[in-house]
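Undergrad: Take this structure, written in structure tokens, and hold onto it; I'll ask about it next.
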């Protein structure tokens, strides 16, 4: 029996990866220095896995930005706006696709399945695939030559790669995949020729609700690869849920099949018991949760391994995490400030690999060798049970299915009379640039090196500065800027009971953007007002409305590491109940325009269609519960980003927010197209420019977005706003972009007057 890993966190123990990238983008380091740092990190990650005694160590999972972007560039799938014809892609090309450039809009970015990782969407229209290099081969040879590691190259499989892309017609799916197949065959053949004995081909899309026709297409794809390269050592890897067509998947002509026995594990286990497993294949079993940070109950996991052994011989069983460890932090070893009981039940990437080794030893009958580890595991779980953190009432049942007593059509005239806003009102999503000074002020205060009085005075100065800037720009609805917030989830978690925070528990969200998710370890409850002071101060500086800014219950849930002993709906409603108190406090303080952000509501959507309605029901219920009690004149806003929202437009409508803003610009008009087929009759803002790129769009460019949106949405309900918060942008580009945005809105108003 062997152990395997599917992928390792890229960012480094101290976010060295992030720092190297941002230093390069700021022109503080050269390309050579960047590549040298990245190589050092890459090799170090391999050494760590080698020290953890992982038998099959992944290579090629490391990236300079995103692994899907890597595949697109490797296959020459580079939109024409980034390349002159015949050009070879450079590092500049690569980063321009991810981040945009002065002359070209960045490629779209969206969620990686139902996670908080974002990938760059390949654009297949007009693509002429060609192999620009064999990146998995380079990674394999580097590991072999530098460290003597016979690694397991990782490749995103052809079916999933195309399904994650855009710019192809569904009825031409087979033709599109066929155009890439010769390149896949060449990459795999060169790996085999170089001596690779295991090649991981990721096909996570096989756990979604694929059709029988598409499953037949997948079968044909792998038959063609097998015909071209007999006995290629392919491990077809799935994760995040159970496979939809178990019998067909395990019958594919590959050496091994990777199944997730954590997420969707019950269905995979049931299928294994019902249909068995081919005697000529290896089962790579995901038995350690790669997406959450709790230790495994090693005795329960050992029992699962024992159950698997009833159907698969030991020498054909590989133990591994349920998915890439990209989704968890690197190690707990620097978490010195956490409660010892809580720390004892946490396992990040390195600790999960240790658990794998322990389970391998147990399966081999070497219990004496891991006796100490088993006892420590027992003691840690017992201490958690004894702590009492998870006992007591879970949530108020009367919160479920609550809604505002008045319909939107009843509220709308009351709100219009109260707020007296112009047509196409302009606003921002919430945050303004967090400069080095802002971050330094927060850091000094947290360390106790700055008094609370001085900290609050400084924060007020930032708020006053940006209220003045917003008024000078002519924005209609203002925000206080969120300078006191390091992270939109962490900020609230720190002020609610039931949350804990790591010192170094960073994970990659997109590009160099890392987040430090809070840990929900116990029952969540309200303690005191969290946002009232800053918002009320901002409102005192202006006659224009200032929005209160909250993070919604579903986003707090989806962007946290969540306790594993309660249904998610219960935890979501606990958070909603806490937020009702904050909404009430804002309203009582005179803040009657309140934004409850739900950027992560889409990413929690289950991957199988049959499981989605249940999730949407409780997600909508939790959001509505947080604000169902407000006055009819109080205007509730929400914001969402990076998602295929046309899939869930009914649920968005059911949220019953008075105004919703949605990320639009990176989808290059596709979000607007979705409204051609769907009627939406509440306030809505489709982001008119991409805030994830340093590029400043022109007034005309944003005006064109507004014009296009107004062909499918009524002007009387349309708002003008950026795609997302402006926290990560520089001040100069932020002011320039907002100036153009306000000018575009005013120009659009004039055009509407002329038409009228």
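Each Cβ is built from the backbone N, Cα and C atoms, and glycine gets one as well.
Just so it is clear, the model here is predicted, and its values are computed rather than measured.
Per Swiss-Prot, 5-methyltetrahydropteroyltri-L-glutamate binding site is recorded for 15, 16, 17, 18, 111, 513, 514, 559, 603. According to Swiss-Prot, the region 'Disordered' annotation covers 392-411. Taken from Swiss-Prot, the feature compositional bias 'Basic and acidic residues' applies to 399-411. Marked as L-methionine binding site by Swiss-Prot on the basis of sequence analysis: 429, 430, 431, 482, 597. Per Swiss-Prot, the feature L-homocysteine binding site maps to 429, 430, 431, 482, 597; the stated evidence is sequence analysis. Look at Swiss-Prot and you will find 639, 641, 663, 724 tagged as Zn(2+) binding site. Residues or ranges marked as active site, proton donor in Swiss-Prot: 692.
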Undergrad: In sequence order, which residues at least six apart in the same chain have a CB under 8 Å from the CB of residue 639 (Zn(2+) binding site)?
TA: 429, 430, 595, 597, 598, 599, 660, 661, 662, 724
Undergrad: I'd like the Cβ neighbour count for residue 724 (Zn(2+) binding site), meaning other Cβ atoms within 10 Å of its Cβ, all protein chains included.
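TA: So the Cβ neighbour count for residue 724 (Zn(2+) binding site) comes to 27.
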Undergrad: Check the recorded positions 15, 111, 692 for other C-beta atoms within 10 angstroms of each C-beta and report the one with the most.
TA: 692
Undergrad: What are the DSSP helix/strand/coil residue counts across the compositional bias 'Basic and acidic residues' (399-411)?
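TA: Each residue of the compositional bias 'Basic and acidic residues' (399-411) counted once, the result is 5 helix, 0 strand, 8 coil.
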Undergrad: Of 15, 17, 431, 482, 514, 692, which recorded positions are close to residue 641 (Zn(2+) binding site), meaning a Cα within 10 Å of its Cα?
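TA: For residue 641 (Zn(2+) binding site), the recorded positions whose Cα atoms are within 10 Å come to none.
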Undergrad: May I ask you to report the DSSP-based helix, strand or coil state of residue 111 (5-methyltetrahydropteroyltri-L-glutamate binding site)?
TA: strand
Undergrad: In whole Å, could you give the widest CA to CA gap in the L-homocysteine site formed by 429, 430, 431, 482, 597?
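TA: Overall maximum Cα spacing for these binding residues reaches 13 Å.
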Undergrad: When neighbour density is defined as the number of other C-beta atoms within 10 angstroms of a residue's C-beta, which of the binding-site residues 603, 663 has the lowest density?
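TA: Comparing Cβ neighbour counts within 10 Å for the binding-site residues 603, 663 gives 603.
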Undergrad: Quick one: which residues besides 429, 430, 431, 482, 597 have a Cβ within 8 Å of the L-homocysteine site's Cβ centroid, in sequence order?
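TA: After dropping the recorded site residues, what remains is 428, 479, 488, 549, 595, 639, 724, 725, 727.
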Undergrad: By CA distance, which of the recorded positions (431, 482, 692) lies nearest to residue 514 (5-methyltetrahydropteroyltri-L-glutamate binding site)?
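TA: Going through 431, 482, 692 one by one, the Cα closest to that of residue 514 (5-methyltetrahydropteroyltri-L-glutamate binding site) is 692.
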Undergrad: Near the Cβ of residue 514 (5-methyltetrahydropteroyltri-L-glutamate binding site), how many other Cβ atoms are there if near means within 10 Å?
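TA: Taking all protein chains shown, residue 514 (5-methyltetrahydropteroyltri-L-glutamate binding site) has 18 Cβ neighbours within 10 Å.
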Undergrad: Three states by DSSP: which one describes residue 724 (Zn(2+) binding site)?
TA: coil
